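Step one of this worksheet: look at the structure below.
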Amino acid sequence: MPTGVFSQPRLVPSSIPKNMFNSPGLSLALQQPNIDNQGDETRLGENFEGSIGRRSREEEHESRSGSDNMDGGSGDDHDPTTAAGDKPPRKKRYHRHTPQQIQELEALFKECPHPDEKQRLELSKRLCLETRQVKFWFQNRRTQMKTQLERHENSLLRQENDKLRAENMSIRDAMRNPICTNCGGPAIIGDMSLEEQLLRIENARLKDELDRVCALAGKFLGRPITGPPLPNSSLELGVGTNGTFGTTMATTTTLPLGHDALPTMVVPSNRPATTLDRSMFLELALAAMDELVKMAQTDEPLWIKNIEGGREMLNHDEYLRTFTPCIGLKPNGFVTEASRETGVVIINSLALVETLMDSNRWAEMFHCMIARTSTTDVISNGMGGTRNGALQLMNAELQILSPLVPVREVSFLRFCKQHAEGVWAVVDVSVDTIKESTTFVTCRRLPSGCVVQDMPNGYSKVIWAEHAEYDESQVHQLYRPLLSSGVGFGAQRWVAALQRQCECLAILMSSTVPTRDHTAITASGRRSMLKLAQRMTDNFCAGVCASTVHKWNKLNAGNVDEDVRVMTRKSIDDPGEPPGIVLSAATSVWLPVSPQRLFDFLRNERLRSEWDILSNGGPMQEMAHIAKGQDHGNCVSLLRASAMNANQSSMLILQETCIDAAGSLVVYAPVDIPAMHVVMNGGDSAYVALLPSGFAIVPDGPRSHGPISNGHVNGNTGGGSSSVGGSPLTVAFQILVNSSPTAKLTVESVETVNNLISCTVQKIKAALQCES
């Protein structure tokens, strides 16, 4: 080794992520052996590939150098005595990042590949790294990703080049040796008739069209699609070699793409049933995407502004003239709801698309609207390592927090497509007309979803459209105006929930603590409390709507009011709940009070004694406060009820309140004092046992004019009636009636819960001076 030159250690290349090899074209490129003696073009491709390999190794070395800490100076800062040959060169010692550090870095890279200085400083403090190391790691990670994409594109181009070369050679051979179709001997072009020449040209055009359609379909299906075997003679179109129709018949399927329709694609009818289903899913998804984009971009006359509330209403006549129903005609007895909403959210388009295509993250983002969801089949993961072209089959249970509105169980396709740089669309459409269902369908999801466009500073513009058909006979009269107007399950609710949750995530990721928060709680304590509060809210929603998250058994007790639903279940081996028999009771009533006034009254700890029997008859004190949004109503609080006498013991109540344009929520649960001390210090909140209770408030339907004598909504919209503003209020309690899971439920326990709901509603009416 020459004097003064450092020996570099051999670096083992880092493994390429598996999702980079999902593309069939890339897999073929990696498996294709080297082909020698293919001319100058092949040597040029090999030289280019070699340069790519050398550059990849150099970039890989830089990435490893930036990701690791090295003791000692660089190659230019070595000891001068070493240059003189007195001492051997000192080797660099590499300190690799820990798996936890790499996991944190990768997680932030997925959300924000270009973090600013503030984010890098916060991450370096949390991971005990220098800011320079974090900066270099992100630079090298972006370089590595760019290199992998370039290698992928190079492989695809090389395959296309080889294919074109082979086709060119075959065409040259065919031109050198033309064959007569009648006698099988040599022929010249001049011997052909004009009609035969035209048929040959048309045949070549149709073959190219078929190859193009198969290639497009293969991209969306995630696997290669081939057409039917071609006959021996170019003139035997659809005719077998013996002059009769061939034994293999074909079916015709039309695949619309974007705003145009693809030419007809011919597929064999003797293929497996699963392949046929996936082809039909693809056709339905493309048609639904086309409809969603048009509904998002078209204004009047398709969408008309509502004079009363200012919301957009769908012109159904114009809709039927514009679109062909992609899932068939509306079933008898079903009604239609449609809505559209536009908003700006604090999230970029890629992050939002990833959230929507992941069932777990989707349910977490809209946890008050989605009771349960799952992905049953992934038809396509997308193209080029992105979600463009991703298609999957999903199931979901959508809910409104009221026992008077049944949970909507839908099975649908979710299709994602990138329309331009920074512009994505995600569409849902029911598959009831394609997939056989063993249950009676009460709701069909017509093409619905969102179009997302990136804006500066990490924001996105979202245009959300919701369109559904459902059986209205199963919905209580109180909530029918709310659903028919598109407010209950409509676009406004999806956009409002998305804005509120993204705002909450932005506050949690920020290093600054809101001024109204209690600074005594550590960052880990805030995360533990918020995680506990979300579990409390999820359990509350499951108890109100009777979703399949818990196995509830509905009780038909004669001494319970008609609109009160009582259910019971057994809690066994669940560390987040006390063991025993849990009784849930919920009801919904209409109050002539605005939603904002009702929400402010229920969340005010100083007025809690006017309706809560757990407050010991006195005001409560807020011990901790964690903000979840700019609105003061979006927060998590820890309340303490003061003991009125020596015989009473003080207790803690965990409370979460949420409010947006689509409604509000107040959920609370008594918690153990020692357990909450552990949580506030950053401990695990999964072992804190709680049973939630609370309230759900939604705005009144636009056509509602207050309840009539029997408690139902008066639907009279005549000119002589005056609209009465009000709020449908849902009250729900979960109580442990027996600590033994094997005990039997008594009638007294049911009556106690029923009386608790009735008493609470009456106290709220009295405090707000509402008429009974």
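Even glycines carry a Cβ here, placed using N, Cα and C.
When the ranges 142-174, 703-735 are checked against TrEMBL, the one recorded as coiled coil is 142-174. Residues belonging to the coiled coil (142-174) score a mean pLDDT of 89 in the model. Counting residues per DSSP class in helix, strand and coil order gives 42 helix, 3 strand, 16 coil for the domain 'Homeobox' (88-148).
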